[in-house]
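The transmembrane segment feature in TrEMBL is assigned to A:20-36, A:42-67, A:88-112, A:124-147, A:159-181, A:231-253.
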Amino acid sequence: MFKILKYSFFDLMRSSWSYVYFAFYLLLGIVLLFLNNDLSKAVITLMNVIIVLVPLIGTIFGVMYYYNSKEFTELLLAQPLKRSSIFLGQYLGVAISLSMSLILGLGLPFIAYGLFKSNAIWDFSLLLIVGMFLTFIFSALAFNIALSNENRIKGFGYAILMWLFLAIIYDGLFLMSLILFEDYPLDKVSLIGTMLNPIDLSRTLILLKLDISALLGYTGAVFKQFFGTNFGLIISLFALLIWVALPVIRIVLKSKRKDF
Amino acid sequence: MVEITNLYKKFGKNDVLNGINLSIKEGGIFAVLGPNGSGKTTIIKTILGMVIPDEGTIKVFESNIKNNSDYRHKIDYLPQIANFPSNLKVNELIKMIKDLRGHTEVDKDLIETFKLEPFLNKKLGTLSGGTKQKVNIVLTFMFNSPIIILDEPTTGLDPISLIRLKELIQAEKAKGKTIIITSHIMSFVEEVADEIVFILEGKMYFKGSISELKTKTKQQDFEHAIANILTENHV
């Protein structure tokens, strides 16, 4: 698996897209820090960008890489390699190189700004960890979609729909259901609803760590009670881990049964 | 060597293989023939584990290939269409495959035989179809495996390279290897094959030597003998 991972990783590192992605974060980091002059505000703005953009890029790169490396995959399948190591190697290659662009692109300007002397370091690290989780989750979901669809256009379409659903539509449905059932106690339901969407989960996790839960009113208080504690943090990180594990397991199972 | 028992495969509603039973002995050149879409490539891909059969078992060197990948160390495979990662250079690809399968020195001779030196530093995406096929041949023959599978090996080759390929195949046969070939070029098959199997719509219609086929169909010429099987089976 590590040989495949190595080749996929270096293949991606040579592609100009990784640099575009890296440069984008570098620019974003620099602009936010040096025009804003307030580290915690910069972290909040970054959060808003990361929560939406990282899943999108993870999805698109995952699908694109799978379809583009089809020839490479077919070449590898005739070699004495396990199928699971071929696909996991490629998946990890994508997820790790995207995470690296994210961490280096944002990390460098923040270090230059003097992050290590600031209190925001924990918020910032949490932001990067969540960004990494989102990359791993969405590239795994994208690989799943690509594995199940031979037709590239269809695969691409489904992947974008999946992102649209989790990033935007889910929130709308969630809010509507909260309004519809406002007469009932909704604390537990909304907690579970948040857990079921990795984007919502990440957003809540960061918002509460940033201590602006007061903005969220009563629900905020309930959430704070849950996510604000160490127990809540561990549970949410665990939920994110499950969000990575399930699609990865499906990649292994699906690739075992697939014909090439 | 290779034992296929009762092999069935469907792609959607399309029955590709309908109960193939095939046993390939050690040593010699074995040709799989049949019209387009008869299931030749599917058989080869099931032997390689790239296509997973719905039913039936395949044994390579007495061991079942299901959920196994190590047996592919014993097989060299030349795919039908040479699809390579287009942003890789020829020598990078050769190095990579060596890294995955083990060290070999044979590639240098093969590169010289097929005059590939000028292309070593070119990207695979920029090569012509015939040159890609030559790279494909180098990748296949550079390991000394006991089984060699060639899927349409003559595609896109110029006459000189075709002669070199035939020499190469004969040399490998002389080493006692088993070579499985599919091809549409009947003269090529007639020239090299020791035994043929004829497949039509996923079923086996004939297995034996070319002279046996000629006696069976009462035809003088190999191409007519093949055509005879086709017409007899109302295709």
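Cβ coordinates come from backbone N, Cα and C, glycine included.
Automatic, uncurated: that is what TrEMBL annotation is.
A Cβ distance under 8 Å defines the sequence-distant neighbours of the transmembrane segment (A:231-253), meaning residues of its chain 6+ beyond its ends; these are 84, 87-88, 91, 130, 133, 136-137, 140-141, 143-144, 147, 195, 198, 201-202, 204-205, 208, 225. Here the listed stretches are A:42-67, A:88-112, A:124-147, and the one with the most C-beta pairs under 8 angstroms to the transmembrane segment (A:159-181) is A:42-67. Same-chain residues lying 6 or more positions outside the transmembrane segment (A:124-147) and placing a CB less than 8 Å from one of its CB atoms are 43, 46-47, 50-51, 54-63, 66-67, 87, 90-91, 94-95, 98-99, 102-103, 106-107, 110, 115, 155, 158-159, 162-163, 198-199, 202, 205-206, 209, 240-241, 243-244, 247-248, 250-251, 254-255, 258.
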